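TrEMBL annotations:
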type	residues	note
DOMAIN	231-397	domain 'Helicase ATP-binding'
BINDING	CYS456, CYS459, CYS496, CYS499	Zn(2+) 1 binding site
BINDING	CYS465, CYS468, CYS483, CYS486	Zn(2+) 2 binding site
DOMAIN	491-650	domain 'Helicase C-terminal'
Amino acid sequence: MLSKPNGSTTNHEKVISVAVNVPLRRLFEYRLAADYPIPPQVGQRVTVPFGKQTKTGVILAISSFEDYHGDLPVEKLKFITSILDEQSLFGPSLLKLYQWMEKYYHAPPGEIWQTILPSELAKGKPAERSRDSIWQITQQGREALAGNQVAKNAIKQKLTLAKLNENRHGILHSRLADYDIQYTTLKTLAGKNWVLRDFIDALPIAHDQITNLPNNLVLTEQQTKAIQAISQSLEQYQTFLLFGVTASGKTEVYLRLIEQVILQGKQALVLVPEIGLTPQTLKRFKDRFNVNIVVLHSGLTDQQRLQNWLQAKSGDAQIIIGTRSALFSELFSPGIIIIDEEHDQSFRQQQGFRYSARDVAMVRASFENIPVVLGSASPSLESLINVDKNKVRRLDLTEKAQSQTDVKFRIIDLKKQSLINGLSRDLIAGIRHHLDAKSQVLLFLNRRGYAPVLLCHECGWSSLCQRCDIHYTYHHQSHYLQCHHCGSNRKAPTQCPQCQSEQVVPVGLGTERLAEAVTALFPDAKIARIDRDTTRRKSAMNDYVDAIKGGEIDILIGTQMLAKGHHFPNVTLVGLIDMDGALYSADFRAPEYAAQLITQVSGRTGRSSKAGEVIIQTHHSDHPMLSQIIHSGYATFAESAIEERVEAELPPHSFAAMFQAEAPFVDPVKTFLQDTKQILDRYSNLKVELLGPCPALYTKKAGKFRYQLFLQSVNRNQLHQLLSLTMNDIESLASAKKVRWRVEIDPVGDS
Ligand SMILES: Nc1ncnc2c1ncn2[C@@H]1O[C@H](COP(=O)(O)OP(=O)(O)OP(=O)(O)O)[C@@H](O)[C@H]1O
Ligand SMILES: [Zn+2]
C-alpha cells in the first residue's frame with residue numbers, strides 16, 4: 001500500500017532504485033527531488049547517502065510515487081545526493097546483460113557493477129575523455145640518434161628516440177605504456193629539444209587503407225572455409241568454436257574477420273588470457289591494422305583504463321583487446337567478439353563477482369546480434385558439449401600453417417630411470433642432440449621457486465605455512481620461504497627451528513633449481529628462466545621473447561607463462577619435466593586441464609620447417625589420457641572425457657552451484673552451511689542433489705577454515721529455481737553473519 005505523501009512530497013518526485021556496492025542481494029530506494037536538473041535514466045551513476053557514508057551507485061529502476069511499494073514509507077526515503085552522468089553510461093544490451101548476470105549468478109547487484117565499471121567510474125570519477133597529445137621526434141632528435149649523440153649509458157633515451165623515429169606520425173601520450181615509454185624519459189628528451197609534444201583535440205584520422213596485408217601469405221583451404229562460414233553470419237548471433245591445432249593460423253582467421261567487421265564500420269572485441277596479452281600479441285594486430293586499437297588489462301593505470309574504455313564507448317577505437325573484464329566494455333557499434341584460447345582458466349573470475357567470460361560473452365553476443373568466435377587447440381569440454389547440443393558451430397583447422405611434419409612424442413617412464421636433478425638420461429641426451437642441431441629447447445615445469453619443501457634431515461621438521469597447512473616453497477636466490485597459497489613469506493632458516501641441526505635440505509624441484517641443474521649440465525648453453533619471479537619487471541617478458549626470437553637463448557625454462565600462444569619457430573624440443581601432479585588431483589577437471597596443458601606446451605615446438613619433438617617425463621606412463629593425446633590428439637581425449645562426465649553426471653553434462661564459507665574457526669562455518677542445507681531441503685520436490693557440507697580442497701587458507709556445500713542437477717532451470725527461492729532466506733540467516741560466504745555458479749577449482 002502506498003503511504004500517504006506528506007506535504008514535502010509531490011507526484012513529480014521519483015523513486016530511484018540504486019545498486020550500491022554492498023554484499024546484499026537487493027537494490028536501495030531513494031527519492032529524487034522534482035526539480036533536480038538532470039533527468040534520471042537507468043544506467044547513470046549517482047551518489048547516495050548510505051549509513052554515515054556517501055556511496056556511488058548505479059540507477060537500475062525509476063518509478064513514480066504511486067508505483068512504489070517498498071517497506072519504508074516513501075517520505076522516509078533519503079534523497080539522492082547527485083546524479084553523476086548526464087546520460088546513461090550503457091546502452092540497452094549491457095543493461096540487459098547485467099540483468100541476465102544478476103539472475104544467473106545470484107550475485108549482489110553492487111558486486112556485479114563493481115566488475116562492469118572501470119574502477120575510476122566505480123569510484124565516482126567523471127566519465128570524461130582527457131585531451132590527448134602526441135609525442136614526436138624532432139629533426140634535432142633524429143640527428144642526435146643518427147650521430148650517436150645520446151650518452152652511452154642513456155639506454156632508455158636511446159630506445160625512446162628510436163621508437164619515436166619508427167613511428168613517424170608520433171605516439172599518443174595515452175599510449176605510452178603500449179610502447180613501454182616513460183614520461184620522465186620524454187621530459188628529459190624534450191629538455192634537449194629532441195622530442196616535442198602537441199596537444200590535439202581529435203585522434204588522428206586513420207589511413208585510407210585499413211590493413212597492411214602480409215606479402216605472399218595464402219590462406220589454407222581450411223582457413224578460407226572457416227572465414228567464409230563466420231562471415232556469413234556477421235549480422236546475427238552465432239557462436240563458433242574454431243578448433244585449430246597449435247600453429248594452424250587461428251590468429252590469421254581472427255585478423256581477416258576483424259578486417260571485414262571494421263569495413264562495415266563496426267568494432268571488434270578480442271579477449272585473450274591474462275598472460276596472453278604480451279606486446280607480441282598486440283604487435284601482430286598493430287602491424288596488420290591502421291586503425292585505433294586500445295587495450296584493457298590490469299597493467300594499465302586506472303586513468304588509462306578509463307580513457308581506453310571511453311574510446312571503445314565512443315567508437316573511436318575500432319579494436320579493443322583485453323583480458324576477461326574487457327568483455328564489459330560499452331561498445332558504440334559491436335561487430336564481433338573473439339575469445340582466443342577459450343579454454344584458458346583466466347577467463348573465469350575467481351574473486352568478488354565470479355563469472356565465466358566465455359559464457360557471458362555468448363549471452364552478450366546474442367543480445368547484440370553478433371557472432372562470437374571461441375578459438376583453441378584444446379577447447380573446454382563446455383564448448384565441445386555445446387557443439388554436441390548444436391548451440392555452438394564447430395570449425396576445424398587440422399593442419400599446421402607452415403609445417404608439414406608431425407611432432408614426435410616420447411614418454412619417459414621415470415620408474416625405471418635414475419635422475420640427475422630431475423632430468424632423465426634420455427632427456428639430457430635429447431637436449432644435447434637438439435642443441436647440437438642449433439635449435440632451441442623449451443623445458444616446462446609448472447612450479448616456480450627452488451624447491452616445494454624445505455626439510456630437516458635430522459628431525460623431520462618441514463617448512464609448513466601455519467596459516468594454510470601446506471608447505472612453504474623455498475626460494476634459493478633470495479633465501480626466503482613463500483607460501484604459494486596465501487602469499488605470506490619469511491626468511492628461510494639455515495638451522496632447523498626444531499632441533500637446531502644444520503641439515504635443512506630443499507626437497508623437490510622448482511624452476512629455479514631446474515635452471516641451476518641445467519646450467520651445470522650444459523655450461524656453454526645460454527639459459528633463460530621465465531616464471532613469475534623473473535618477469536616482475538614490466539618489460540621483462542618482452543625482453544625475453546625478443547631474446548628467444550633473436551636466437552640469444554638456447555634453453556628456455558619456464559612455467560605455464562611459456563606454454564601459451566608464443567610462436568618460437570626455432571624451438572624443436574619441448575621437455576615436460578614432471579607431469580605427475582597434473583595427472584592426479586582431487587579435482588575432477590584435472591585430466592582436462594592436464595590435457596590442455598600438454599597440448600599447448602607441445603604446440604610450442606615444430607611450428608616452422610624444422611621437425612619437432614616432445615619428451616614427457618612421468619611416473620604414470622600408462623595414464624590413458626597421455627596415450628590418447630599422443631596417439632590420437634586432443635579431440636579423441638575430449639570425446640572420452642565427455643563420456644565419463646556424462647556417466648558420472650558431472651558438469652558440464654550436469655549443472656552445479658556451490659556455497660563456500662570461511663572463518664577463523666570451523667564451527668560457525670559448518671553451522672552456516674548446515675543451516676543453508678536445511679533451507680535448500682525445503683524444496684525437495686526440485687531435482688537438485690545436495691552434497692556436503694565438506695571441507696574445501698584446501699581446507700585452510702590464510703588462517704581461515706573453508707567448507708563447501710555443492711548443489712548439482714541435470715536440470716539447469718530447477719537448480720536456478722531452487723536458488724531463487726532460497727537466497728533471501730539464506731542471506732538473512734543469523735549464522736551468515738558469522739562467516740564470509742558466497743554462492744558460486746558453475747564453480748571451478750578451489751580458490
Ligand atoms: N595461410 C598461412 N600460410 C602461411 N603461414 C601462415 C598462414 N596462416 C598463418 N600463418 C603463420 O603461421 C604461424 C602460426 O600461426 P598462428 O600463430 O596464427 O597460429 P595459432 O593457431 O594462433 O597458434 P597457437 O594456438 O599455437 O597460438 C604464424 O607465424 C602465422 O603468421
Ligand atoms: Zn599460507
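Count begins at 1; order follows the chain as displayed.
Note that Cβ sites are derived from N, Cα and C of the backbone, with glycine treated the same way.
Feature map: annotations from TrEMBL on the structure.
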residue	record	contacts (Cβ under 8 Å, 6+ apart)
CYS456	Zn(2+) 1 binding site	SER462, CYS496, GLN498, CYS499, SER501, GLN503, VAL504, VAL505
CYS459	Zn(2+) 1 binding site	CYS496, GLN498, CYS499, SER501
CYS465	Zn(2+) 2 binding site	HIS471, TYR472, CYS483, HIS485, CYS486, SER488
CYS468	Zn(2+) 2 binding site	CYS483, HIS485, CYS486, TYR698, LYS700, LYS701, ALA702, GLY703
#### Entry: Contacting binding-site residues, sequence order - CYS456, CYS459, CYS465, CYS483, CYS486, CYS496 vs ligand 2, Cβ under 6 Å
CYS465, CYS483, CYS486
### Task
Within 10 Å of the Cβ of CYS486 (Zn(2+) 2 binding site), how many other Cβ atoms can you find? Include all protein chains, please.
17
### Query
When neighbour density is defined as the number of other C-beta atoms within 10 angstroms of a residue's C-beta, which of the binding-site residues CYS483, CYS496, CYS499 has the lowest density?
CYS499
### Message
Looking at the domain 'Helicase ATP-binding' (231-397) alone, can you tell me the average pLDDT?
### Response
93
### Task
Give the helix, strand or coil assignment DSSP yields for CYS483 (Zn(2+) 2 binding site).
coil
### Neighbours of CYS465, CYS468, CYS483, CYS486 excl. site residues, C-beta within 8 Å of centre, Zn(2+) 2
GLN466, ARG467, ASP469, ILE470, TYR472, HIS484, HIS485, GLY487, SER488, LYS701, ALA702
## Note on the structure
Not counting CYS456, CYS459, CYS496, CYS499, residues with a CB within 8 A of the CB centroid of the Zn(2+) 1 site are HIS457, GLU458, GLY460, TRP461, PRO497, GLN498, GLN500, SER501, GLN503, VAL504
